[in-house]
Amino acid sequence: MSITLNSGYEMPSVGFGCWKVDKATCADTIYNAIKVGYRLFDGAEDYGNEKEVGEGINRALDEGLVARDELFVVSKLWNSFHDPKNVEKALDRTLSDLKVDYLDLFLIHFPIAFKFVPFEEKYPPGFYCGDGDKFIYEGVPIIDTWRALEKMVEKGKIRSIGISNFPGALIQDLLRGAKIKPAVLQIEHHPYLQQPRLIEYVQSQGIAITAYSSFGPQSFVELNHPRVKDVKPLFEHDVIKSVAEKANKTPAQVLLRWATQRGLAVIPKSNNPDRLLSNLKVNDFDLSQEDFKEISKLDIELRFNNPWDWDKIPTFV
C-alpha cells in the first residue's frame, strides 16, 4: 500500500524508522529489512547513522535485491543547517553518507534554527551550538530555509520536500509563501497523542502525514524520559491487548493499523527479523469501527518529543 504525494510520487504507507538504530548493527538491519520487503527508510542527519544506513541500502542495491527507484529514502535537515547558505552543504553530506544521488523526501526536522556548527567541529552537532551546553539560535525564518529546499528540488537532489514537528499555525504560514507545497508532515502520533485537528487540517491541504513513535512511551523508555513513568505501556494496555486478541494480531500490529486506517504512514523499527515482518503486514486487516473508537478514546494529549523540554522552546505551546 502506498500514499500518492502532492509531488506526484508514491510513498509506501509502512516504512522502517532509523532513529536509535545502533550503528554497530545498522547496516545489517537495513539490509535485512530490504530483504523482508521494506522499501521506505526514514532517517535523519541527527540520528548519526546515515553512513551505516547507506551501507545497508547499497549492499542490497549491489546484490540486485532491489533497484534504487523501488526505494523511498528519507532524511531530515537538522536545526543547525537552516541558514540557506548551509542547506545544500548539509544535503550533500547526507547524500554522500547514504551514497545515493537523490533523496525521495527531505524534511525540515524541527521549525527551530540553531547556530551553524562546521562539520569538522562536530557532526552531527545535536544540541551543540559551538559553546558547551548553551543553546544559540540563528535568526532564520522558516520560509528562507524552505526556499533553499525548493532550489534543491529544482536541482534534482530531492524529489519531495516536507516538514516535521510543525504546529498548524506554522504550516498555514508556510503554505502562504511556499512555491512547492510540503508533500509530507511527520508528527509524533500514538493513542496517547492523536492530534485530530492538526491531522484534519493537514490532510485538507493535500499534505500526507507520517506518524513516528506509534508505540507511544515504548519509543522513549531507553531515553529515560520522565513522562514514560506516568502512563501504562500501550502494549500492556487492556484496550490494545483486547483488540489484538480479537483480531489475532500483535499489539504492535494493532497500533500501526490504527494509524494507517486514519490515512497515515508509519515508520516502526525493530532489530528482530520476525517483528520486522509482522510490522510490515499491518494493512491486510481492518479494525472494526467499534475497536477503532475504543483506541481513539485513549487520547490524553501526552507528548514525549517536546522542544520545551530542551530550552523552553515554544513549538507546541
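Placed from the backbone N, Cα and C atoms, the Cβ positions cover glycine too.
Source: prediction; values computed, not measured.
Here's what Swiss-Prot has on this protein:
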ACT_SITE  Tyr47  active site, proton donor
SITE      Lys76  site 'Lowers pKa of active site Tyr'
BINDING   His109  substrate binding site
BINDING   164-165, 213-222, 269-279  NADP(+) binding site
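Annotated features taken from Swiss-Prot, shown on the structure.
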residue : record                               : contacts (Cβ under 8 Å, 6+ apart)
Tyr47   : active site, proton donor            : Cys18, Trp19, Lys20, Val21, Pro124
Lys76   : site 'Lowers pKa of active site Tyr' : Gly43, Ala44, Glu45, Asp46, Phe106, Leu107, Ile108, His109, Ser164
Ser214  : NADP(+) binding site                 : His189, His190, Leu255, Leu256, Ala259, Val266, Ile267, Pro268
Pro217  : NADP(+) binding site                 : Tyr192, His225, Arg227, Val228, Val231, Pro233, Leu234, Phe304
Phe220  : NADP(+) binding site                 : Ser213, Arg227, Val228, Phe304, Asn305
Lys269  : NADP(+) binding site                 : Phe16, Gly17, Cys18, Trp19, Lys20, Val21
Asn272  : NADP(+) binding site                 : none
Ser278  : NADP(+) binding site                 : Thr250, Ala252, Gln253
Nonlocal neighbours by CB distance (under 8 Å) for Arg275 (NADP(+) binding site), same chain, sequence gap 6 or more: Ala252
Any idea what DSSP makes of the residue listed as 'substrate binding site', helix, strand or coil? coil
Cβ atoms other than its own within 10 Å of the Cβ of the residue listed as 'substrate binding site', all chains, total 22
